[in-house]
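What Swiss-Prot says about this one:
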- Glu205: active site, proton donor (ACT_SITE)
- Lys337: active site, proton acceptor (ACT_SITE)
- Gln163, Lys337, Arg366, Ser367, Lys388: (2R)-2-phosphoglycerate binding site (BINDING)
- Asp242, Glu285, Asp312: Mg(2+) binding site (BINDING)
Amino acid sequence: MTAIVDIIGREILDSRGNPTVEVDVVLEDGSVGRAAVPSGASTGAHEAVELRDGDKARYLGKGVLKAVEAVNGELFDALGGMDAEQQVQIDQTMIELDGTPNKGRLGANAILGVSLAVAKAAASSYDLPLYRYVGGTSARTLPVPMMNIINGGAHADNPIDFQEFMIMPVGAASFSEALRCGSEIFHTLKGELKKAGHNTNVGDEGGFAPNLPSADAALDFVMAAIGKAGYKAGEDVMIALDPASTEFFKNGKYVYEAEGRSLGPQEQAKYLADLVARYPIVSIEDGMAEDDIEGWKAITDLIGDKCQLVGDDLFVTNVTRLADGIKNGYANSILIKVNQIGTLTETLAAVEMAHKAGYTAVMSHRSGETEDSTIADLAVATNCGQIKTGSLARADRTAKYNQLLRIEQELGAQAHYAGKAALKAFR
């Protein structure tokens, strides 16, 4: 009944108008699973490879017909007839078929599309929501959203070096209340920016992209919006940052071009610690560059007991890299991006390893997204307690929030909002 009878890949567009891969998996009983693959702008050097065609005459070289061909050809040939319930075996078959350490031959975008579509087809066959199929009966925790309300760095055309300024409504009683809180702050911030003469255009992830001179200036606007919306910063709402420091780490220095200064690893750690002391910042992602292990150790020693230090480019959802961080004591959290590693099995393994080591895990989107809401289900399935999926604008972002609203309603009295417990180890 759950044997795979067809796998259909196609080229679609993501939220930036670039091609990406979408896959349908059809089972013997007629069940269909569909998954669309996201794409990042600030990508880690250690991520699995996203296969692009490189034909400049077509989509400026960004086409994904080679990946689609891999889906419809080699991957279907290898997986046709296999049981969709055998997720681990299916993912391992694709990894071995690719034969490279970074999925560079067939493409992580091809492999991931199939991996997720297989799980969704199997869930459909059992008439189960994806979060229940993957997570079992214990999957009932709704995550605290990290809502990206000011964009900078690679996600916006403005001078701010830090990539994301986010709010976390930890004090809400439910996910739906947290979403309302975030929406009210988002719209209040828009009014405050307009009043101050700033533009309110949005970046790739739906946050505002004003021309502000520094991180402090952005944080001051966020703090003002929280208060004016009727919430208490540090109690109802916490702040999270994603400097995406690899993007401005040059020749051993963190170069803040807008501010005209450069900081060494120890100075960068002290600068971030100072921000944590002055603002209710409870999470910093990629505060140090992906290969600046000295810097990661410095910041972990300095504020690791009071701030969530999330490794994104550092760990790239890879258990080998995460194991090194755990062993050597740097960072205390991992960002989970399904397309950084390329299969559902490896994604779940990274979350499990993090939790066993006492690290937190944050389920995450990419800046190039689609209307696919799989990560909302995975956040609940893994009970990770936190999700990062952009702002309160752009349908590619709100699709994930809306799916979480549906899940919360479906769970009813069983639903549990993670709230402050998601960050209990900090503050």
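Backbone N, Cα and C define each Cβ position, glycine as well.
When the CA atoms are compared, the recorded positions lying within 10 A of Ser367 ((2R)-2-phosphoglycerate binding site) are Glu205, out of the candidates Glu205, Asp242, Glu285, Asp312, Lys337.
Counting every protein chain shown, the Cβ of Ser367 ((2R)-2-phosphoglycerate binding site) has 24 other Cβ atoms within 10 Å. The two recorded residues, the residue listed as 'active site, proton donor' and Arg366 ((2R)-2-phosphoglycerate binding site), have Cα atoms 8 Å apart. Rounded to the nearest whole angstrom, the C-alpha distance between Glu285 (Mg(2+) binding site) and Gln163 ((2R)-2-phosphoglycerate binding site) is 10. Note: the CA-CA distance between Asp312 (Mg(2+) binding site) and the residue listed as 'active site, proton acceptor' rounds to 8 Å.
When Cβ neighbours within 10 Å are tallied across all protein chains shown, the highest count among the recorded positions Lys337, Arg366, Lys388 belongs to Lys388.
If you measure from the Cα atom of Lys388 ((2R)-2-phosphoglycerate binding site) to that of Lys337 (active site, proton acceptor), you get 10 Å.
Taken over all pairs of the listed (2R)-2-phosphoglycerate-binding residues (Gln163, Lys337, Arg366, Ser367, Lys388), the Cα spread reaches a maximum of 17 Å, rounded to the nearest whole number. Reported as a whole number, the C-alpha separation between Asp242 (Mg(2+) binding site) and Gln163 ((2R)-2-phosphoglycerate binding site) equals 6 Å. Excluding the listed site residues Asp242, Glu285, Asp312, the same chain places Gln163, Glu164, Leu241, Pro243, Ala244, Ile284, Asp286, Val310, Asp313, Leu335, Lys388 with Cβ atoms within 8 Å of the centre of the Mg(2+) site Cβ atoms.
Cβ neighbour count for Gln163 ((2R)-2-phosphoglycerate binding site): 29 (other Cβ atoms within 10 Å of its Cβ, all protein chains included).
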